Amino acid sequence: MKAITMNKKCKHLATAITVTSILLLPIAQGTQANSDAVYMQEVNSYLQQGKSNAAIIVLKNVLQKDPKDAGARLILGNIYRAQGNIPAAEKEINEAHTLNPDDPDTSIAYSKFLLQNNKLKELESILSNTEGWSDEQLIEAYILQTQANVYRGNIAEAEKKLDQAVQLDPNKPIVLFSQAVLEIQRRQPDDAKKYLEQLLATEPDHVQGLMLVGELAMAKQDYPLAIQTFESASKKQPNIGIANISLAQALIADNQLEKATLQLQKVLDIDPGHPDANALQAKIEFTNKRFRESTQYAEAGLSQSEKNTELVYIAAASYYATDRYEIAYAQIKKVLARYPGHVESLKLKAAIELKLDLINEATATLSQINNESFKESDDQLLIATGIASLKDKDYISSKRLLDQASNLQSADPRVSLGQATIAAIEGDHNATIKALETAIEKSPDSQQAQTALILTYLQDKQFDKALERAIQFSLDHPKNPNGETFKGLSYVMLKDFSKAAAAFNAALAIEPGNPNASHNLASIIKRQDNDTKKIRAIHENVLKLHPDNLNSLIELSILDQSAGEHDNATQRLEHAIKTTPDAPRPYLILSTLYLQQNKLAQSLAVSEQALKINPDNPGFLTLAGKAQQMSGQYDTATDYYTKAIAVAPEAVMPHYLLGQLYQQTNQLTLAEATIDKTLSLMPDHLGALLIKAQLNLKSGNLENAKSIATQLKEADPENSYITELHAQIAYAEKDLDTAATLYKKVLSERKNSALNIQLASVLWQQPDKKEEATSLLTQWLDKNPADTLTRNVLATLYLQDKQTDNAISEFTKIVKLTPNNSTAHNNLAWLLFQRNDISAAEDHAKKANELNPNNPLIMDTLGTILMQKGELLAAEKLLADASTLLPENPEILFHLAQVNFKAGQKTQSEVILIELLSEKHATAAFSEREDAKKMLNAIQSSK
């Protein structure tokens, strides 16, 4: 353990505090009570017998009866002080001074603690009025003022105060002692020694003098003399305390740890919580690497006082050694708050941060240490942090730390391996190769370094060197299949596929089912004759021994899909995701497979699961958008497509699907711009050309649409998508029979939800075929119950046809399938409201508003329901906000007028109704126009 290193100023202060602690010792061998109270006779009797604990019990009993007995508190504090229990002493003497601030003895005792705590202004204030004090009390006051001036660095003033004490009694022990103290502050230990000799000549049992002699011996590292002196002091001081502590310190310095423990146990037997004794015992246990014991003593010491910085450090290191990293971290930060540059504490802090996975913090902590402050034993900390930074992709910090470890002449091959990895990331193959060769020199048997070197040669297209190293690897490690696998890879790069296949088979002879050799062999077979049976057999052999192998699971799932075995493919991909959740490819394949099967909810769930792991993958974003689009969640789908485009601006698919969505939601201007962008990326994109024609249809440019359709038909007359476009043109020309015929032709070739919906729309336009339209959709849903897009259309048709019960049934199914579908919740709420099921209507309206809080139509629905319930304030706010967002909507305005009327705001209601029934809104579709007129007449008639 490294002791806390202080700067020069701190060292000087530490010396002063040590002297002050000696001053706190009693002058004589006992602590006498000066009160005339009866109980003091019993206290003095115990003290004369050296039974200080018995005296403490008497005084505590007195204070329990009379907490305001200042004399009892003063004596109790003095006893604690004699025992060395400074915190307890300070507490009692503070209380005594509060109760009796004018008592000289109490003021002197209190001032000693003010001195110790560096509260010098308060000390001067208390000692400024000494009128009526005895000479002995004045001497003590002058001595305290002397020490206070020493603290300030004002030696001249200290000398003046000490001279005043000398004038009163130059031979008084405390005066001689203080003269010795002053000489120590002047850095004149020889002069101090003369005063101490004079003191001890006249009073050999002067404990303070003996203690100071011991301190001088400690300063000179004369530990035998210090031990001898402290032993003498402890014998002359009957109360266990400071003398024992100082003796223990000297014994520790002299490496007599067992004897030091004996002294400390004497103190701890009397006062188990003694902060200094616990601190020193913690240091002993820590030195002996008994970390659990050092932790216990450190905790006991810190529970009394956290002033001892070395003890806080020991606690932190002990907690670290016993795997209690959080509390270790809290303690080491306390040390560094006091001494920010303490090197050993910074190293410990970095080590703790590594354990807490605070990689950035650990690198930042180590960056505060100068290179020359690192020792050879620090190489493991530097390496561990460097490798952690490398894994965290902080390559700059990793390089710096590994270079520092290298400069310490570390023999650990991880240094060179890490440096090689960074060089490879930077694209510096020469540096990578050099670092790997160094790693092999340091550790010739390192298969990791040999493997990395072969792979680097392959990446650098030095295929002959890679093959040479691979052959040597096979000879050095004949039972390791990687050697033959590397040979195979080298032959592949050299385009010698027969030798490559032979090498991979040799690897499989060493280790049947070896994934790397198997995958590469399967790739060669696929390249040569694509024998799917052989390929399947290879991957199945891999899974027999490695059931979670990602590559084989994916390849077999692709083979399963090609064979139409979708359930097997799904099971393999789900297994791959479960066992390798961070790999993107199985999510991508499974989500696409679900979309192909029209399993939108499953596709969406897989995409969202993948995005939690890789939120910036454009493929995942596009798939998630497609699933949301197909389930009717257009706003969310738009967000996904937009994010995908931001990540991959040149990707065609997200542009195309976004244009398709804009077309689907009738945002024609946006659709046109997005499709034009798609065609600029891929001019012959069939889907984009079809949408371009459809947009022309919607905008009334029938001829342009027909022109595109004709060109497409000439190029590919049997394409069902082009036939679908011609059906759409027939529909635009009001030729419904032709449109229906063409749609049915397309459906005979490919059945899907969108085509069914388009045919249903054509049929719905013909009053005698409405039932056929809904029947078409219901039949589709019987086979595809999870098709929320078709169910949305069917529910909307029922809603338009005022088939309320059927509409409610369908929207109820939709919200179960897509619980976050705000539009479905809103429509269901309105239908339930019309059926007077207010409670259920409110639930769905609130859910819709929660999902889409700024949608004015949803706000209108919820506001109208709340109005019906009589919650007029909430209703009025919602409807007012809705009208602000959508000021031209007559239904929202009418509902706002209604709620104002019900709230007694008839004038406000009248203003809204007049506006609503004006010419401005005369042509707007408004089913409640007559109700609005009646309401306005009623208001105006009541005036």
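Easy rule for this one: first residue shown is 1, then count along the chain.
Cβ from N, Cα, C; glycine included.
Whatever TrEMBL says is automated annotation, not expert-curated.
Just so it is clear, the model here is predicted, and its values are computed rather than measured.
Per TrEMBL, the feature repeat 'TPR' maps to 70-103 (among others).
Sequence annotations record features per position, and here TrEMBL assigns repeat 'TPR' to 139-172 (among others).
The repeat 'TPR' annotation in TrEMBL covers 481-514 (among others). The predicted model assigns the repeat 'TPR' (481-514) a mean pLDDT of 93.
Residues annotated as repeat 'TPR' in TrEMBL: 584-617 (among others). If one looks beyond the repeat 'TPR' (584-617) by at least 6 residues along the same chain, the residues whose Cβ comes under 8 Å of a Cβ in the stretch are 550, 553-554, 557-558, 561, 566, 569-570, 573-574, 576-577, 623-624, 626-628, 630-631, 647, 752-753, 784, 786-789, 817-818.
The annotation repeat 'TPR' is assigned in TrEMBL to 618-651 (among others). For the repeat 'TPR' (618-651), DSSP puts the residue distribution at 27 helix, 0 strand, 7 coil.
Per TrEMBL, repeat 'TPR' is recorded for 652-685 (among others). Per DSSP, the repeat 'TPR' (652-685) is made up of 27 helix, 0 strand, 7 coil.
Residues or ranges marked as repeat 'TPR' in TrEMBL: 788-821 (among others). Same-chain residues lying 6+ beyond the ends of the repeat 'TPR' (788-821) with a Cβ under 8 Å from its Cβ atoms: 600-601, 630-633, 636, 753-754, 756-757, 760-761, 764, 770, 773-774, 777-778, 780-781, 827-828, 831-832, 834-835, 844, 851.
What TrEMBL records for 822-855 (among others) is repeat 'TPR'. Within its own chain, the repeat 'TPR' (822-855) is flanked in space by residues 632, 635, 792, 795-796, 799, 804, 807-808, 811-812, 814-815, 861-862, 864-866, 868-869, 885, which lie at least six positions past its ends and keep a Cβ under 8 Å from the stretch.
Residues or ranges marked as signal peptide in TrEMBL: 1-33.
In the repeat 'TPR' (788-821), helix, strand and coil residues by DSSP number 27 helix, 0 strand, 7 coil. Broken down by DSSP into helix, strand and coil, the repeat 'TPR' (139-172) contains 28 helix, 0 strand, 6 coil.
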